[in-house]
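Undergrad: Annotation source Swiss-Prot lists region 'Coenzyme F420:L-glutamate ligase' at 1-247. According to Swiss-Prot, the GTP binding site annotation covers LEU23, PRO24, GLU25, PHE26, SER53, LYS58, ASN115, on the basis of sequence analysis. Under the heading divalent metal cation 1 binding site, Swiss-Prot lists ASP112, ASP153, citing sequence analysis as support. Taken from Swiss-Prot, the feature divalent metal cation 2 binding site covers THR154, and the record attributes it to sequence analysis. Per Swiss-Prot, the feature region 'Dehydro-coenzyme F420-0 reductase' maps to 248-454; the stated evidence is sequence analysis. Swiss-Prot lists ARG263, ARG264, SER265, VAL266, ARG267, ALA291, GLY402 with the feature FMN binding site. If you look up Swiss-Prot, you'll see ASP323 marked as coenzyme F420-(gamma-Glu)n binding site, on the strength of sequence analysis. Per Swiss-Prot, the feature region 'Disordered' maps to 432-454.
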Amino acid sequence: MSAAANAEHGAADRVEILPVPGLPEFRPGDDLVGSLAEAAPWLRDGDVLVVTSKVVSKCEGRIVAAPSDPEERDTLRRKLIDDEAVRVLARKGRTLITENAIGLVQAAAGVDGSNVGSTELALLPVDPDRSAATLREGLRERLGVTVGVVITDTMGRAWRTGQTDFAIGASGLTVLQGYAGSRDRHGNELVVTEVAVADEIAAAADLVKGKLTAIPVAVVRGLRLPDDGSTAHRLVRAGEDDLFWLGTAEAIELGRRQAQLLRRSVRRFSAEPVPHDAIEAAVGEALTAPAPHHTRPVRFVWVQDSETRTRLLDRMKEQWRADLTADGLDADAVDRRVARGQILYDAPELVIPFLVPDGAHSYPDDARTAAEHTMFTVAVGAAVQGLLVALAVRDIGSCWIGSTIFAADLVRAELELPDDWEPLGAIAIGYPEQTPQPLGPRDPVPTDELLVRK
């Protein structure tokens, strides 16, 4: 039966939470089903048996011998956390928030030293859903009853202080009740409501089980939850769907590492306008690039007037066409080369970087004068790269085109700029045209022959 067949997970009636007292201190290899059948012969069809994962771990042999010395015990605990975790989401002090092999996100990969001997540590069950199914089938054979089973562990919750019990294993019930398409009593359609029923049961049962009561098992009675074949694994949100895939500090660190790799040359733009404050902010960040002699060797000219842009690009195209024709290229080849500049017409915004020699040192010889000019050119290049990256981290595309370098006098004349301002290309800016798959960070380039060591 599907979850949709059950219109409401709430009982709208009396629900009981019953303790299961008299259970022994479990050890590896103990018969958990037999102990439960003996302690709770009163189980009925439809009951939900809620079992603390520590009990399952003990019976399944997920107990590790540990030193009694606190420091040595903590060292082992941290090694076990590393072994159990597949990734670390966040760190705060010595606390690690991890994901384990079955996708559970919690502190310390579920490695725990509570409710075990002082020379032991407990690991989570390897497959809690399978453990739940085994318990359910065993009780059906021993007592002739059909129950649901939820295996629980204690975790914290995003946005909330404190911990509560969650379902990490389940069998024989609806673990997730969807209400999308249903209507409330006022006729309002429920759009995204989806209730983690198994988690609600886990939390409710903990009101009876507690932490210090020596009651590791409780029974929730009075719910009407059909077995839709789902398990607790369905409650695990995969990393790619998780809005909190990393902790804050880790997300910031990842963003810093990936910022450079987000930049790529975008040649097709959408018509969506780019907010002016975003461009201003990106330029401000770009201007923090290193520069010689504490100077400001770069100016970014933002060509905002459409008539000015068209006139400038038309004149550059005419000169470029004349130069290529003089080189002996045929008309088709000239057209193909000139067409590459169409991006500067089409981009929503156009910014031209200029080298400005303010503060450059003067030298009596050509060699040092040329070196000074090269130094300023490198500084402008650093600022240009900074601008491209600053745009990319805002999801704004860009493409650096070198054409203005070949028409410096023309560019200065059209934009009415001083004679010592040197254009160093042009930057087309805009939001990238939609693609079937969003473009993520690029892979770093192999350094095999490009990083020379001496």
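Placement of Cβ uses the backbone N, Cα and C atoms for every residue, glycine included.
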Undergrad: So, by DSSP, how many helix, strand and coil residues make up the region 'Disordered' (432-454)?
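TA: Counts, helix then strand then coil: 0 helix, 1 strand, 22 coil.
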Undergrad: Look at the binding-site residues LYS58, ARG264, ARG267 and tell me which residue has the greatest number of other C-beta atoms within 10 angstroms of its C-beta.
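TA: Answer by Cβ density within 10 Å: LYS58.
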Undergrad: Going by DSSP, give the three-state secondary structure for ASP153 (divalent metal cation 1 binding site).
TA: strand
Undergrad: Closest of the binding-site residues to ASP153 (divalent metal cation 1 binding site), Cα to Cα, picking from PRO24, ARG263, ARG264, ARG267, ASP323?
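TA: Nearest in space to ASP153 (divalent metal cation 1 binding site), counting only the binding-site residues, is PRO24.
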Undergrad: How many Å lie between the Cα of ARG264 (FMN binding site) and the Cα of THR154 (divalent metal cation 2 binding site)?
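TA: THR154 (divalent metal cation 2 binding site) has its Cα 44 Å from the Cα of ARG264 (FMN binding site).
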Undergrad: Radius 10 Å, atoms counted are CB only; among the binding-site residues GLU25, ASP112, ASP153, ASP323, which position scores highest?
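TA: Output for this query is ASP153.
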Undergrad: Using C-alpha positions only, work out which of the binding-site residues GLU25, ASP323, GLY402 is nearest to THR154 (divalent metal cation 2 binding site).
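TA: Smallest Cα separation from THR154 (divalent metal cation 2 binding site) among GLU25, ASP323, GLY402: GLU25.
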Undergrad: State the count of C-beta atoms found within 10 angstroms of the C-beta of ASN115 (GTP binding site), not counting that atom itself.
TA: 16
Undergrad: On the three-state reduction of DSSP, what should I expect for SER265 (FMN binding site)?
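TA: Looking at the DSSP assignment, SER265 (FMN binding site) belongs to a strand.
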Undergrad: Count the other Cβ atoms sitting within 10 Å of the Cβ of ARG263 (FMN binding site), across every protein chain shown.
TA: 21
Undergrad: Return one of helix, strand or coil for LYS58 (GTP binding site), based on DSSP.
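TA: It is helical.
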